[in-house]
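A.B. asks: Sharing the feature lines straight out of Swiss-Prot:
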BINDING   His89, His123, Glu150, Glu153  Zn(2+) 2 binding site
BINDING   His89, His123, Glu150, Glu153  Zn(2+) 1 binding site
Amino acid sequence: MERVSGLLSWTLSRVLWLSGFSEHGAAWQPRIMEEKALEVYDLIRTIRDPEKPNTLEELEVVTESCVEVQEINEDDYLVIIKFTPTVPHCSLATLIGLCLRVKLQRCLPFKHKLEIYISEGTHSTEEDINKQINDKERVAAAMENPNLREIVEQCVLEPD
């Protein structure tokens with residue numbers, strides 16, 4: 001009977017560990033995702049606003065809570081950013097999204113898939129903008145425009 005109880009206990013602990021509910025799995029997985037989310041936030045918080053002399057962090061366009069990282073598999077992560085424009089009719093929301101994408105594509109040290117959205121209910125044309133900033137062809141076309149590329153470069157430039 002003791003042997004059966006031990007086997008049952010071992011089996012249950014393995015199932016819980018593999019599903020992420022054990023002492024080690026439960027603490028380990030969220031901690032890694034939190035660290036990666038902070039790493040992402042540290043990269044985007046210093047992006048400058050296209051029309052104001054402030055960073056996106058200072059304007060609360062991005063906050064720590066707007067970054068989510070999920071594990072896709074062992075070496076790949078899904079990074080989701082939900083930013084909040086300063087006003088619901090912000091004409092530069094698409095440009096801000098482009099700056100976020102460019103900075104993260106260049107600087108993230110781990111393999112990732114990137115999804116960038118305007119926080120729900122914070123912009124009058126959020127659906128259209130969300131489509132634009134998550135469309136690879138539109139992003140590539142935007143970065144071919146020398147004037148737009150120069151603005152993006154100025155916004156993502158690291159402060160001294």
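Glycine is treated like the rest: Cβ placed from N, Cα and C.
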A.B. asks: What is the one among the binding-site residues His89, His123 whose Cβ has the most other Cβ atoms less than or equal to 10 Å away?
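C.D. replies: In terms of Cβ crowding, the pick is His123.
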A.B. asks: Taking DSSP three-state, what's His89 (Zn(2+) 2 binding site) in: helix, strand or coil?
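C.D. replies: In three-state terms, His89 (Zn(2+) 2 binding site) counts as coil.
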A.B. asks: Enter the number of other CB atoms within 10 angstroms of the CB of Glu150 (Zn(2+) 2 binding site).
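C.D. replies: The answer is 10.
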A.B. asks: With every protein chain in view, how many other Cβ atoms are within 10 Å of the Cβ of Glu153 (Zn(2+) 2 binding site)?
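C.D. replies: The answer is 12.
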A.B. asks: What does DSSP call Glu150 (Zn(2+) 2 binding site) in the simple three-state scheme?
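C.D. replies: Once the DSSP labels are grouped into three classes, Glu150 (Zn(2+) 2 binding site) ends up as helix.
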